[in-house]
Ligand SMILES: NC(=O)c1ccc[n+]([C@@H]2O[C@H](COP(=O)([O-])OP(=O)(O)OC[C@H]3O[C@@H](n4cnc5c(N)ncnc54)[C@H](O)[C@@H]3O)[C@@H](O)[C@H]2O)c1
Ligand SMILES: [Zn+2]
């Protein structure tokens with residue numbers, strides 16, 4: 001899992017023109033891995049960990065490096081891919097016509113270049129007509145819905161463009177999608193468009209979620225995606241989703257000459273199309289519309305992040321065709337992020353689970369893109385100093401697809417706050433010293449166990465959705481129980497019901513609680529006493545260990561006992577246990593330090609023992625992986641060039657078949673899959689007598 005530090009490190013590198021070929025190659029590999037993980041978090045988990053701006057910056061860097069070193073473009077490069085593979089749990093649907101992404105332009109000049117490129121490609125004179133349809137770019141989740149003889153039969157998400165998730169039952173719950181087309185329907189119609197959640201519905205949903213202690217979504221797009229991609233369609237049905245149709249996949253028995261014609265027909269069949277769409281004849285038309293919609297944007301009930309321009313004539317669309325991940329006949333003109341000015345009233349320092357001190361700006365409330373903003377992030381100490389942001393300043397803030405806006409800087413020519421801001425060198429909660437380690441951007445409280453802020457945040461993480469996921473135990477209740485001293489450490493959660501004795505502090509007498517709700521909470525807690533090992537590891541909140549790493553650890557060590565024993569042994573850097581740990585692909589030295597550090601710490605051992613003492617059952621890892629595959633339980637190493645799949649895919653597939661994938665060959669390796677160009681690893685395998693296979697043999701062996 002890429003941490004914020006990975007992302008920062010990937011960006012902290014040299015200017016592209018100064019990179020050596022070798023550095024470029026290493027960086028492209030790192031970017032491919034980091035971006036793939038962000039894609040997974042964003043597209044599969046609907047829970048991005050970085051802002052879109054940060055993601056886009058990484059992607060732009062990738063593009064710049066590839067432009068300078070075209071020979072180094074990787075098969076798994078983010079510039080060659082769309083979205084992320086379908087998530088486990090959904091059946092897959094193979095798209096008959098791929099679902100692609102869109103290329104971007106950011107200015108009028110770039111738009112003119114795009115149009116000039118179209119003319120060159122089509123060999124059109126400067127004064128020949130080139131009609132363009134302009135449509136708002138809805139910030140939602142794209143879908144493909146298939147109608148056969150006018151009847152809705154199947155729907156899918158975009159997934160990786162080739163294969164998406166089957167969301168037929170979920171789409172049926174959306175009122176905007178007709179079960180049956182109106183009028184004369186073609187034999188086959190695959191309609192495509194965007195499912196979205198209106199901004200009002202989004203805020204109302206988040207309020208309900210927060211009250212229920214459930215997941216709060218970062219923005220309407222994530223909320224729409226998270227609501228649609230539910231294994232239980234009843235959940236989807238309870239969420240207010242809407243859609244616009246703007247495109248099509250396979251169509252049999254109908255044809256239009258123009259995109260505009262298609263849109264009108266989609267509308268006639270009973271599908272909602274966007275009322276803001278226009279047919280334009282030249283750049284001036286396009287820019288006028290762009291400006292108009294840009295100004296209207298805050299008042300539109302849904303989020304849009306730009307305008308999409310599409311060549312109107314279908315025969316021209318066909319001639320223009322596609323580049324790797326997007327059509328050549330369309331482009332997205334992205335809006336700049338929404339900005340506003342307001343006064344910085346105070347800077348609050350929040351203390352996170354790992355002790356990180358984060359500055360948060362308190363602002364005089366102001367409307368940015370239809371949303372009232374009163375808090376914004378100031379990133380970190382260096383950013384505040386660099387921008388010389390002071391309390392009392394008038395600042396420019398920006399909201400870019402995220403709910404948490406950012407402070408960009410001080411507005412020039414306005415009255416300044418009197419004093420430069422001094423970042424505290426002590427924890428505002430526990431008073432311990434707060435220090436910055438070399439090369440780190442964040443300052444951390446050194447209070448560790450005595451720091452109430454850290455303890456509270458750790459507990460919130462422990463019960464969060466991807467960890468113990470205890471219903472009715474949201475952040476607010478954790479705060480409340482913590483303040484009342486009902487809970488201090490994780491094990492206390494499982495003893496909460498013991499407080500419910502006559503004459504003792506009673507949960508049921510707290511404001512907002514009653515006999516019934518208290519009993520319900522205890523039942524929800526009891527229900528979570530059995531937990532899978534991967535969730536359990538994630539819940540511990542070890543630094544750098546996100547869900548992906550937790551899963552890797554669970555898969556590699558199977559049981560909590562084995563994991564604890566191995567991690568204590570692995571604290572010795574000379575040990576085999578240490579080698580095994582860092583040999584897991586995806587776990588590096590610094591992560592290994594944090595993990596072994598956690599398990600050897602005495603207090604943490606106590607926390608684990610206490611949890612077991614209250615009757616927690618941590619289930620050995622079986623995962624959502626098959627156990628009857630020929631490679632289940634085996635350790636596999638891939639080396640050399642693979643021909644039919646990327647390294648990432650090979651790894652994911654092997655893991656889903658129950659194998660561990662290691663980065664280097666050792667006595668513990670069971671199988672080495674060697675492609676052309678395999679070097680020392682193959683040799684080592686032969687020396688150690690480890691079984692080796694070609695890619696072809698391997699595929700036959702795993703039965704694919
Ligand atoms: N924060 C993160 O971690 C993270 C990770 C991955 C992607 N992202 C964000 O996601 C975006 C990239 O995703 P993408 O590849 O889906 O590209 P995109 O969202 O920029 O553009 C393509 C999509 O636009 C949608 N669209 C909306 N209205 C449309 C219309 N009228 N006509 C055609 N298409 C329309 C379609 O779903 C299409 O697939 C970027 O904004 C990026 O910042 C963020
Ligand atoms: Zn502290």
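Note that the numbers count up from 1, one per residue, in the order the chain is shown.
Cβ coordinates are placed from backbone N, Cα and C, and glycine is handled just like the others.
TrEMBL does not curate its annotations; it predicts them automatically.
Feature annotations, reproduced from TrEMBL:
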| type | residues | note |
| --- | --- | --- |
| BINDING | 52, 53, 54, 55, 56, 101, 102, 135, 158, 194, 310, 334 | NAD(+) binding site |
| ACT_SITE | 137 | active site, N6-AMP-lysine intermediate |
| BINDING | 427, 430, 451 | Zn(2+) binding site |
| DOMAIN | 626-704 | domain 'BRCT' |
Do you know which of the binding-site residues 102, 427 has the most other C-beta atoms within 10 angstroms of its C-beta? 427
Determine, using Cα-Cα distances only, which of these binding-site residues is closest to residue 451 (Zn(2+) binding site): 52, 102, 310. 52
DSSP on residue 310 (NAD(+) binding site), three-state: which is it? strand
Out of these binding-site residues, 52, 54, 56, which one has the fewest other C-beta atoms within 10 Å of its own C-beta? 56
If you check the recorded positions 52, 54, 56, 102, 137, 430 one by one, which have a CB less than 6 Å away from any atom of ligand 1? 52, 56, 102, 137
Residue counts in helix (H, G, I), strand (E, B) and coil for the domain 'BRCT' (626-704), per DSSP? 26 helix, 15 strand, 38 coil
The residue listed as 'active site, N6-AMP-lysine intermediate': tally of other CB atoms within 10 A of its CB: 23
Tell me the coarse DSSP state (helix, strand, coil) of residue 54 (NAD(+) binding site). helix
When the Cα of residue 137 (active site, N6-AMP-lysine intermediate) is compared with the Cα of each of the binding-site residues 52, 56, 102, 427, 430, which one is closest? 102
Using a 10 Å cut-off on CB atoms, tell me which of the binding-site residues 158, 310 is the least crowded. 310
Just checking: which of the binding-site residues 56, 158, 451 have a C-beta under 6 Å from ligand 2? 451
I'm trying to understand the geometry here, so how far is the Cα atom of residue 310 (NAD(+) binding site) from the Cα atom of residue 427 (Zn(2+) binding site), in Å to the nearest whole number? 54
Pop the Cα-Cα gap between residue 54 (NAD(+) binding site) and residue 427 (Zn(2+) binding site) into the table, whole Å please. 28
